[in-house]
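The next block holds one structure in the form of structure tokens; read it before the comments.
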Amino acid sequence: MHTQPDQERLNTQANQAQEPIQNKAPFLDLESSGDSLEDGRVTNLYYQRFRMMDLSFFVFNFIGTGLTVITLELIHYDEQPEARLVILWVIFISNLIMMGLALVRNQAKLKWRESKGDVFSGFTKEHVELIMEIIIIAASPLPFLDDISFYFSNDFVDGDVYYYANELLCLTLAFRVIFFIRTTLLNSYWHSNRTDRVCSLYASQADYMFTIKSLMRNQPFTVNYSAMILLIFVFGYCLRICESPLNRIDISSNDFSSYANSMWCVIVTSTTLGYGDYYTRTLLGRIVMSVVCILGNFVVSSMIVIITNESYLTTLENKVVILIDRLSLKKQMQQEAAMIITIFGRMYYAKRHLDLTEVEFIDMSKKMKKYAIQLKLTTRKYVAARALGSQLEEINSGFNSLKENLKQTSQLQEELIKANENLIYKIDNK
């Protein structure tokens with residue numbers, strides 16, 4: 001027979017069981033608040049939208065970059081001004097579209113983060129990134145600046161030299177490379193909605209740096225060589241622009257009008273060789289080469305570290321090497337022992353039949369002594385290799401036993417947790 005409080009509790013539980021499902025699962029709503037639980041299907045849908053916006057941004061960035069390179073060549077050789085003006089207007093329109101896509105992309109990213117429970121208020125890091133993107137996009141060659149030039153003096157040549165305004169704006173392509181790298185990282189296996197969920201479980205942040213670290217761990221040579229190639233091409237392009245005013249007047253000493261010479265100068269500088277056959281003579285060129293020195297040292301030193309780490313044997317490979325070494329030493333011991341027995345048999349047979357002279361007998365004795373010494377040394381190496389293998393086996397067995405103890409401790413901990421939960425449940429039901 002139920003008391004009055006028990007009857008009220010049963011009625012409350014019955015009313016809660018009859019509530020609609022949507023009230024019990026608010027995370028099924030796309031516009032749910034950040035306090036709700038994460039639904040993998042919803043967050044993945046928002047992530048795919050964000051990824052699609054980023055790919056659209058990538059396409060227009062690729063078009064704008066290609067047209068800017070063509071425009072630079074037309075400016076450098078001062079050819080086809082009508083075609084150059086048409087290309088500049090196309091670049092201008094594509095930049096406007098890119099700015100709109102940057103806004104949409106940023107909103108898609110915020111929606112994805114909000115679907116995962118993140119709360120944004122005020123001026124955030126995403127807004128700073130958006131402003132930087134718009135500035136980089138806007139700082140591109142413009143049709144309004146086609147005939148504008150900036151004059152300056154230089155100590156290496158007589159008279160005034162000049163930059164075209166659009167020529168200087170072409171330098172922003174070095175920053176646009178960041179957009180290409182960002183899209184490449186975003187579409188890698190190590191940057192996805194699932195990766196973000198797994199990182200959140202381990203109190204980690206699934207950002208672009210995490211993706212770079214993961215790629216460096218699994219594909220170190222690919223990442224390092226790609227960085228070196230980007231360094232050569234991008235800064236060779238920038239160096240050619242920076243030295244173009246002097247190349248219009250004098251190319252006898254440093255011909256940076258050739259793209260190959262610009263890349264060669266970047267290679268020589270980044271690897272700290274510094275032959276001195278090509279050197280910069282403008283302020284912008286020296287700033288570019290200063291950046292090349294810093295980044296080049298970083299890339300080259302990283303390559304040395306990667307090669308050094310890859311040359312080390314793993315634990316299993318070390319076991320294989322020790323085993324092969326033992327087998328080789330064992331075979332060498334057998335050959336040396338066989339030679340000793342063969343020489344001793346010949347000496348014994350010749351001594352009984354008096355077929356050897358005293359000189360030949362002494363030579364065979366020396367040869368047998370030589371093989372005996374070699375056998376003794378080989379035996380010591382074999383014993384040392386066998387002892388090393390035994391030590392590794394003992395260490396591995398120790399790790400295995402420690403792993404088994406940790407597993408048993410974890411099982412015991414789970415049993416204690418379950419016992420505590422049962423005890424709490426019994427106390428609550430009293």
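Just so you know, glycine gets a Cβ as well, placed from its N, Cα and C.
Predicted automatically and left uncurated, TrEMBL annotations should be read as such.
Predicted-model confidence for the domain 'Potassium channel' (228-306) is 87, expressed as mean pLDDT. Taken from TrEMBL, the feature domain 'Potassium channel' covers 228-306.
Distant neighbours of the transmembrane segment (55-77): 83-84, 87-88, 90-91, 94-95, 97-98, 101-102, 105, 137, 140-141, 164, 166-167, 170, 173, 176, 179-180, 183, 187, 237, 241, 244, 257; these residues of the same chain sit at least 6 beyond its ends, with a Cβ under 8 Å from one of its Cβ atoms. Positions annotated as transmembrane segment by TrEMBL: 55-77 (among others).
Positions annotated as transmembrane segment by TrEMBL: 83-104 (among others).
Residues or ranges marked as transmembrane segment by TrEMBL: 221-239 (among others). Sequence-distant contacts of the transmembrane segment (221-239) (same chain, six or more residues past either end, CB-CB distance under 8 Å): 69, 171, 173-174, 177, 212, 215, 256, 259, 262-263, 265-267, 270, 280, 285, 288-289, 291-292, 295-296, 299, 302-303, 306, 310.
Residues 228, 231-233, 235-237, 239-240, 243, 289, 292-293, 295-297, 299-300 of the same chain lie 6 or more positions beyond the ends of the transmembrane segment (259-276) yet place their CB under 8 Å from a CB of it. Residues annotated as transmembrane segment in TrEMBL: 259-276 (among others).
Residues 171, 220-221, 224, 227-228, 231, 235, 238-239, 242-243, 256, 265-266, 269-272 of the same chain lie 6 or more positions beyond the ends of the transmembrane segment (283-307) yet place their CB under 8 Å from a CB of it. Taken from TrEMBL, the feature transmembrane segment applies to 283-307 (among others).
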